[in-house]
Structure formats: structure tokens, C-alpha cells
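Here's the structure we're looking at; comments come further down.
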Amino acid sequence: MVVVIHFGDHFTVIGHASLERNPYETLRYWAFYVGISLAGLLSLGAALSTIATVREAHGLMAAVEDAVLDTYDFVYDQAMKSPSSNWWQELAVIQDTFLCCGKKSPFGLLVSTGAIMCQGREAMREDCLQSIRNVLWTHYSIASILTCTSLALTVYAMMLCAFLWFAIHSYHGLDRKGRYSLTPP
């Protein structure tokens, strides 16, 4: 709107009126510079908000990762304490879902109780802690890409709408279709 007020034909004509002291001309320049400054501040605020949202989403994903890994650790510990309980079945379902087996100690070795359940082809699987992390961060990456793509498309659509609005309101739009005027050489 600021650009239209400053550069629009109607407002420019009033601004260039031959008055000795035209208060509108001063007001028009003041409104233009204040409006551009506000638009810049709003754009900066939008950019900072987007960056903060992405960083917060990263922190939220880390919290989700911690909760899921804690749940797996709890199920794993309960299954190792009593192999005949339902926890063992829950652990097997989790490991089949994430295509993993057991968990490794911080020293890179399979935990000794986990070696019992990881035999044969299952022993070749990745440890569950790493597999769960990979699955969660894959979902986070997909969500981030979709969010950034939708943000970029939104900004692009806003720019297209603004150009269409300016074209229609500056009489170079749809109402001039088929009517052309030649300028003298």
C-alpha cells in the first residue's frame, strides 16, 4: 500500500500540485519511508520467527527422541528382568518394527543379556537405540522439508497476489484486454 501511495498516479498528481507549500507532499514522503521501515521490520520479524520455530522444532524433536528412547530402555530392562512376562513380547514387537536387535553398551559391545535375543539373522541388525534415532530424525527431516517448502510457496503466492493486485489497480490488468494505444514517435 505504501508503494501505491508513493508511486500511484492519483497520489503523484496531488503531490505535484502547484501549491507554494504542499503539506501532502511532505506527508507522502514521510508515509513512504515509515511504511517501508515497518515493512522491513515485519519482514525481519517473520524471518526471526521462522528461524525460532525451526530451532524450537529441533528441540521438540530431541525431547521426543529422549522420551522414545527412555520408553525403549524401560521395556528392554523389564524384559531382561523377567523373560517370561509380556514385556518380552512388547520388546520383540518394537524390535521387529524398527528392524533392530538389542542395544549396545557405551563401549560399542552388545549388552550381555541382549545377546540372548539377538541370534542368527537378528544379530546382524543395528542396535535399537541407533535405529530409533535414525527413524525419528528421518521423520524430522521430512517434516522440515515440507514446512520449508510450504513457507516458500506461501511467500511466492503472496508475491504473485501483490503483483496481480498492482497490475489490476494500475490499469494494466484485465480491463485493458484488447485495447491498445499507440504513442506518437
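Cβ atoms are placed via backbone N, Cα and C, with glycine included.
As annotated by TrEMBL, disulfide bond applies to C100-C128 (among others). Neighbours of C128 (disulfide bond), defined as other CB atoms within 10 A of its CB across all chains, total 26.
Marked as disulfide bond by TrEMBL: C101-C118 (among others).
Feature annotation from TrEMBL assigns transmembrane segment to 30-51 (among others).
According to TrEMBL, the transmembrane segment annotation covers 140-168 (among others).
Here the Cβ of C101 (disulfide bond) has 24 other Cβ atoms within 10 Å, regardless of which shown protein chain they belong to. Taking CA atoms as the reference points, C128 (disulfide bond) and C118 (disulfide bond) are 11 Å apart. In the structure as shown, the Cβ atom of C100 (disulfide bond) sits within 10 Å of 22 other Cβ atoms.
If you take the Cα of C100 (disulfide bond) and the Cα of C118 (disulfide bond), they are about 9 angstrom apart, rounded to a whole number.
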